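As recorded in TrEMBL:
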type	residues	note
TRANSMEM	79-96	transmembrane segment
TRANSMEM	108-128	transmembrane segment
TRANSMEM	140-166	transmembrane segment
TRANSMEM	173-191	transmembrane segment
TRANSMEM	245-263	transmembrane segment
TRANSMEM	275-294	transmembrane segment
TRANSMEM	300-320	transmembrane segment
């Protein structure tokens, strides 16, 4: 049976997904500086539109002319992110009030609140530091972290608890898959923040070569100067090629590990969960290839971000069922949902 706060956590999870996708859309439409200040937009709570507001914007931000479309992309993202922050604060307050109830998560909601506060700071720095790649990548990772932690909280409040032990081998595969997925998302963020998505325009080669000229030292130079406007990127072609190639290699490694994880899931009877993982993986690979082959269409690029989120949440679900330590719970029997994910009788040690 679902615990108190389940519906609120589920709503926050869905809203976090929307915020992640809005962030991807803002980034891909080059609207990250659509409002050159924070938290407002040219000093207003919305994009300037009246003659007086436009005159004010021109006077105080002469180097940042108003572009309404980009401004609204940025402000819509901020409105949704602000609403999400309020929901998370409500979740944390509710968890604190109910901390004396049995099996009521407390540390997780409070930690999520800290993460979203840090996210607000990263959102500000994204603008004030003019899309500095380190901050943009950190902001992206924070968004995915918020989403995955809210999903974990939703699972814990759902009443669906792992009941029986699973082999340690499966736990290791699940942990490895999750960690590699996080690293691959970080690489994807680095690709995006350095505008390296189309550094290679062919598949499986790059510039017609299996190993083209690539500058890894500059591509992964993590102390780029603060000050320049990084809209459009500052790296040369070879540095961007290095970033793109690394993301491809990371995708190959992650694919191998997730195929192994799916096999381990099938071995213990979790066939439906294995199938869900394979579908998410196949979709993400297809979207990644489409980005290159079709020149980074906006819809496909946003869908690729959604696919990354879906794959990450699937791995959170796998780890939730593979590692009882994640939920700190001992259930007397398998739930109906656990059976449905397995598709057959559970493995028993």
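Every residue number used here counts from 1 along the chain in the order it is shown.
Keep in mind that glycine also has a Cβ here, set from the backbone N, Cα and C atoms.
Remember, TrEMBL labels are computer predictions, not curated facts.
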> Mind checking which residues reach the transmembrane segment (108-128)? Cβ under 8 Å, same chain, six or more beyond either end.
Replying inline: 32-33, 35-39, 78, 81, 84-85, 88-89, 91-92, 94-96, 135-136, 138-139, 142-143, 145-146, 149-150, 152-153, 156
> Which residues, given as numbers and ranges, are at least 6 beyond the ends of the transmembrane segment (300-320) yet have a Cβ under 8 Å from it?
Replying inline: 17, 20-21, 24-25, 28, 144, 147-148, 151-152, 155, 162, 174-175, 177-178, 181-182, 184-185, 188, 197, 261, 265, 273, 276-277, 280-281, 283-284, 287-288, 290-291, 294, 326-327
> Hey, which bits of the same chain come close to the transmembrane segment (245-263), Cβ under 8 Å, at least six residues off its ends?
Replying inline: 170, 173-174, 176-177, 180-181, 183-184, 187-188, 190-191, 196, 200, 206, 211-212, 214, 216, 219-220, 274-275, 277-278, 281, 285, 288, 318
